[in-house]
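As recorded in TrEMBL, the features of this protein are as follows:
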- 21-44: transmembrane segment (TRANSMEM)
- 110-516: domain 'Major facilitator superfamily (MFS) profile' (DOMAIN)
- 152-172: transmembrane segment (TRANSMEM)
- 181-199: transmembrane segment (TRANSMEM)
- 205-226: transmembrane segment (TRANSMEM)
- 238-259: transmembrane segment (TRANSMEM)
- 265-284: transmembrane segment (TRANSMEM)
- 347-371: transmembrane segment (TRANSMEM)
- 377-398: transmembrane segment (TRANSMEM)
- 405-424: transmembrane segment (TRANSMEM)
C-alpha cells in the first residue's frame, strides 16, 4: 500500500511549491501579533488626573501647559510606584478664590497644604497627558474605578480565541483547511471593522469577542495546513518559521502605533491584512492529507500531482492504493478522540497545561511594557528584537539534542529571569532590562516549541482539533493574564513577575513526562 509520505517524497517533500505556500502563509502570523498584544497601544493608559472646570479656565486664560496646572493644583499621594500625583480625586475647593494667578502658577499653596484640604471624586472627567494620541481608555474614560474595563477588553479577545479555536478547529477537520480559513478571514474582516467603529464600550466588547473568534482559529488552521503540505522532516522548520513571523509582527507593531496614533484607525490597519488573505483562494490548495483522511483520494492525488509539477518532479509510484499513513477507521474528528488512549490523554492534559502557562507569562511580559512608564515604543521594539533569536535557537537545538531539554531549559531561564528581575532595584536599569529580555527570550522559545510539538503528537484526523482544544488553555490563560498583571501591579509593580516566575517553574513538573 502506497502512503502519502511515499508519494510526497517523489513530488518533493519541500520543493518550490511548498516554499511558495509556506512563504505566503507566514504572512498570516504578522497581523496575529498585532491583534494579540495590540492592547499595549490601543488601550494605553497615560498619566491622568481629575479635570477641574475652574483650573481648566485658568489654564486656558494663562496659557499654561497641562503639567503646569497639575503641579499647581493636584496633590501628591503614595502609590505602589512611589509618590505620584493623585489620579482619582481632586481638591474640593474654588480655585478662583485662591491666590492662583497667571504670574504665580504655584500659587500660595504648597503640596503640604494641598494634602490637608478636602477631596472629592472626578465628577467632571479627567485630563490626560497624552497629546495627539487617543486610546479607547482616553475616549471612554476607563481609569480609576473603571480601570478593570481595560482588562476586560483583552480578556474578551481571549474569550473569542477560546470559542473560535474549538469551533474553527472542528470545522477545519470536518470541512477542510482552506474552506475554514477563507470563511474565517471573511468573518474577521467584518468583525474587525465593527470593532473600529464601535459607538460605545459595550459594543466594543461584543465586537472584540467576534474579532477574536476568527483570528486565532484562522491562524491555527494555517499552521496545520503548512505542516501537512511538507514532509515530516520539514514540519519543525516550517512551524518555527511560521511563528517567527509572529515575532516579526511584534517589531512592526510599535512602528504602526507610532505613526497611527488613533486606536480606531490602528484597528482598521490590523484588519486589512485579513481581507487581503481572501485572495489565497487562488494560490493555496487544500491539504492532501486531510483529503485522504476523508477518503477523497482523487482530489488528494490531483493536488499532489500539481505540487509535483511545480516542483518539476514526476510521480512513478502506484497511486491506486494511496492512503494517509495516519488514517484509521475514524472519518470525523471527535472531542473524545483526544482521550481515546492513555497516551493521547497524557498528551492532551500536559500540552494543555503548557499552553496555559506559556500564554500567561508571554502575554503578561508584553503587556507589562505598557505600565513601566518609559518610552513604550522603544521598549516594545527592543523586547521584540529579543524574540527573533528564539526560532534560530530552536532549530539549532531540537535536531541535535531533541525537544525535552531545550523545552525545559527555556522555561527554567524564563522563570528564573522573572524572579530575578522582580528584585533588581530600579536604579540598576540596564541590568534589570537585560535580565527581563532574557526572560522574554526564554518564554518565547517555550511558547513556540509547544505549538509545533502539539502538531507532532496527534494523527491527521484529529490534528487540527487536538491543537485547537489544547490551545484553549492558552486562551484561558489569556483571559486571566490582564487581570493578573494590571490588578497585582497596583499592589506592587513587580508582583506579577513573581507569579510569572512561579508558574513557569511549576510547568517543568509536567514537561518531563512528555516524550518530546
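Every residue gets a Cβ built from N, Cα and C, even glycine.
Unlike curated entries, TrEMBL annotations are predicted automatically.
Model, not experiment: these values are computed from the prediction.
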Intrachain neighbours beyond the transmembrane segment (377-398), with Cβ under 8 angstroms and 6 or more residues off its ends: 40, 236-237, 240-241, 243-244, 247-248, 250-251, 253-255, 257-258, 365-366, 369, 405-406, 433, 436-438, 440-441, 444-445, 448-449
Interface-richest range of 21-44, 205-226, 265-284, 347-371, 405-424 toward the transmembrane segment (152-172), CB pairs under 8 Å: 205-226
Average pLDDT across the domain 'Major facilitator superfamily (MFS) profile' (110-516), rounded to a whole number: 85
